[in-house]
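Q: Residues or ranges marked as Zn(2+) 1 binding site in TrEMBL: A:CYS438, A:CYS441, A:CYS478, A:CYS481. The feature Zn(2+) 2 binding site is assigned by TrEMBL to A:CYS447, A:CYS450, A:CYS465, A:CYS468. For A:213-379, the entry in TrEMBL reads domain 'Helicase ATP-binding'. The domain 'Helicase C-terminal' annotation in TrEMBL covers A:449-626. Taken from TrEMBL, the feature region 'Disordered' applies to A:181-202.
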Amino acid sequence: MPQETFVRVAIDRPLDRLFDYRCPPELRPLPGQRVRLPFGRTDTVGVVMESVETPAVASSRIRALGALIDPDPVLTAPLLELLRFTARYYHHPLGEVVLNALPPALRRGAPLPDPRVPESLWRADIDADQPRRIGPRQQATIDALREARAPLTRDALNDLTGLGLRRAELERMAARGLLAAEPAASGTPEPSEDGGPAVPLTPEQRDAIAEIIGQTGRPTVFLLDGVTGSGKTEVYLEAAARSLARGGQVLILIPEIALTPQLIQRVSRRFPGQVAALHSGLAAGERLRAWDDARRGERPLLLGTRSALFTPLPRLGLIIVDEEHDPAYKQQDGLHYHARDLAILRGHIESLPVVLGSATPTLETLEKARSGRYRHLRLGTRPDGSRPPAVNCLDTRVHATDEGLSAPMLDAMRRTLAQGRQCFILLNRRGFARVLTCDHCGWVADCPRCDAHLTVHASIRRSICHLCGFTQPLTESCPQCGQPLRHLGVGTQRLERALSRHFPDTPLMRLDRDSIRRRGALERSLETIRAMDAGIVVGTQILAKGHDFPRVGLVGIIDVDQGLFSSDLRAAEQTLQLVLQAAGRAGRAGDPGEVLIQTGHPEHPLMRALRAGDYAAMVGPLLDERRHSGMPPYGYLALVRVDGPGPEATQRQAEEMARELRRHAREVRVLGPAPAPRHRVNRRYREQILLASSRRATLHHTLGETRRHWEEHPPPRNLRISIDVDPITLA
DNA sequence: AGCACGCCGACT
DNA sequence: GTCGGCGTGCTC
């Protein structure tokens with residue numbers, strides 16, 4: 001009798017199990033292949049995980065597979081292994097994890113894009129000096145096409161310009177006779193070769209590249225540790241070039257593509273036609289195309305944000321994680337994975353080197369580099385010969401501040417501007433004022449849905465909750481006693497207004513999430529800043545990201561104190577990183593810049609360390625502290641969160657969870673439940689339980705057993721339980 | 001999660 | 001009488 005075969009299938013449901021199906025004789029799906037299947041009363045999409053001889057449930061319950069969606073697997077075997085681990089490690093349903101690795105269109109069962117259908121290629125089609133009214137976007141498009149000297153796809157154009165051009169926009173330009181479209185010739189166009197690196201490499205850079213390439217095919221992890229301006233990007237690009245030259249694919253992860261348009265442009269220019277970019281700004285179709293181009297090796301270099309980690313890359317040879325300290329690598333909802341940690345795991349599974357780059361590495365990474373588990377590559381010298389900036393504190397108890405600004409800060413700004421250099425003023429709070437309050441009766445404008453004050457946004461005359469987005473019109477007088485209200489605390493918008501009064505004739509810009517919301521606004525702002533001579537830029541941490549500016553003489557930090565005294569696990573570390581990243585903007589090409597920090601606590605150990613200026617030295621005491629308290633990297637944490645519509649039921653459920661966790665705890669401390677630091681967000685109440693252990697295994701045992709229990713005795717539907725393994729913040 | 005079944009309240 | 005509220009149970 002012919003042997004029947006069965007497959008075990010992953011499905012996009014929050015059920016922590018796989019489902020077995022009978023294979024009709026003509027269907028022999030391989031692991032990683034998408035299939036359509038009957039599920040309950042409907043049809044759904046699944047991914048085959050493995051073949052099995054005997055199903056896990058009685059054969060009477062087994063149903064037959066519907067159909068294959070693709071002729072071949074869409075996910076590779078090593079990627080499936082990574083996804084299995086991910087589900088186990090983060091205690092998340094495997095089906096959701098697996099389907100999450102697919103672009104949304106494929107998750108819903110859409111067909112793969114047909115690689116034989118070429119995209120349009122665009123070229124400039126305009127007489128050189130024909131006088132015409134052309135907008136800045138159109139001009140930039142035409143300039144990019146002329147510079148490329150070859151017709152480009154829309155994707156390639158967007159990579160080069162960062163404009164996010166839509167098809168309709170290009171078609172409008174074509175209708176006006178500015179552009180012409182032609183179908184792509186067979187095969188990829190090979191635009192003009194850009195040659196090797198633009199600047200000669202330093203010996204340190206050459207050594208780093210040689211070390212990385214020397215580990216090809218081995219799961220070696222590198223920490224590429226170098227201050228701003230030390231040329232980490234050149235090391236990435238050159239290592240990538242050599243890996244590509246050997247026929248491998250390269251994955252470069254970056255924290256947020258939207259904030260680093262310069263990097264995409266730089267990579268696209270260096271590797272024309274070879275780069276696929278994957279990030280949240282893409283429309284569904286573009287995302288699918290980029291993903292599939294990377295999967296098929298059509299574009300062997302994939303540049304993307306954290307989710308790009310799950311892209312199948314059959315010939316992957318090298319992974320680079322840029323700015324590894326950036327918390328954006330940790331997904332904060334649903335599947336709480338850390339893309340940097342999983343990148344390292346992927347390196348092990350696929351046996352390839354992983355490069356973690358940062359000027360301010362996390363304590364976790366530094367500790368592993370110090371203990372020798374990672375190879376530590378240092379780029380100490382800046383290729384342009386500049387020295388690091390001097391860091392000084394301004395004691396706000398001595399120097400009073402008005403709208404956030406002290407007199408010495410203003411003096412330093414005047415000096416810097418007089419030298420023809422720029423001032424960057426960093427304040428990590430957007431909006432106008434922190435709160436709206438009444439001096440007479442003490443009323444404060446609070447969010448009706450969260451435990452948070454509403455932030456004043458004067459420009460749009462509204463108050464906004466930064467937690468849930470609730471907004472309401474600004475009121476002039478107190479709703480309780482009718483007295484006029486006062487704006488308390490300073491945000492970037494208020495700082496901008498104050499500075500425009502102090503420096504009425506100086507160019508002034510603001511850079512924060514609100515100012516760059518419109519498409520292309522960030523690119524325009526960065527361009528303006530770069531073109532500006534002396535001037536002032538006010539902004540949030542976006543200012544501290546790795547943009548390159550040539551003329552910054554002063555970086556002023558308005559308020560670090562909330563970072564010094566926050567009780568959160570990583571507050572000190574992250575404050576250090578933020579200040580140093582910001583400081584990295586100061587001083588280029590011979591001119592050391594200056595960093596001025598306003599603080600009420602200049603004697604605080606962190607501030608003393610900052611003045612000394614050496615990140616590695618500052619980290620020592622922080623690591624000691626972590627060791628003594630058993631915190632990461634010397635101990636392991638997991639956070640169990642319960643949230644629900646009412647405070648009492650949520651608390652009861654959290655208490656039951658904690659009881660269950662304690663029942664299974666072996667060498668695991670179970671702390672709580674306690675109301676989460678922001679107890680109420682978006683009309684939901686949140687309780688949390690912290691698990692701590694000196695061993696990973698015991699933590700996972702406790703979580704696993706508890707999870708099994710609640711799968712069997714599920715809590716009411718309106719209560720949600722989520723597990724955050726290796727939480728980045730306890731808030 | 002989806003989806004259906006099931007058992008109680010105010011409508012044409 | 002029946003449309004529809006959301007509690008509960010199941011999915012190979």
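Backbone N, Cα and C define each Cβ position, glycine as well.
Each of the listed features needs to be described in terms of its position in the shown structure.
A: All protein chains considered, the CB of A:CYS478 (Zn(2+) 1 binding site) has 21 other CB atoms within 10 Å.
Residues near A:CYS447 (Zn(2+) 2 binding site) in space but far in sequence (CB under 8 A, at least 6 apart, same chain), listed by position: A:HIS453, A:LEU454, A:CYS465, A:LEU467, A:CYS468, A:PHE470.
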Q: Which chain neighbours of the Zn(2+) 2 site, leaving out A:CYS447, A:CYS450, A:CYS465, A:CYS468, have a Cβ atom within 8 Å of the mean position of the site's Cβ atoms?
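A: What remains near the Cβ centre is A:PRO448, A:ARG449, A:ALA452, A:LEU454, A:HIS466, A:LEU467, A:GLY469, A:PHE470, A:VAL681, A:ASN682.
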Q: Could you give the Cα-Cα distance between A:CYS438 (Zn(2+) 1 binding site) and A:CYS450 (Zn(2+) 2 binding site), in whole Å?
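A: Given the Cα positions, A:CYS438 (Zn(2+) 1 binding site) is 20 Å from A:CYS450 (Zn(2+) 2 binding site).
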Q: Give the sequence-ordered list of residues that share a chain with A:CYS450 (Zn(2+) 2 binding site), lie 6 or more positions from it, and have CB atoms under 8 Å from its CB.
A: A:CYS465, A:LEU467, A:CYS468, A:PHE470, A:ARG678, A:ARG680, A:VAL681, A:ASN682
Q: Which residue, of the binding-site residues A:CYS438, A:CYS465, A:CYS468, A:CYS481, has its CB surrounded by the fewest other CB atoms within 10 A?
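A: Selected from the binding-site residues A:CYS438, A:CYS465, A:CYS468, A:CYS481 on minimum Cβ neighbours within 10 Å: A:CYS481.
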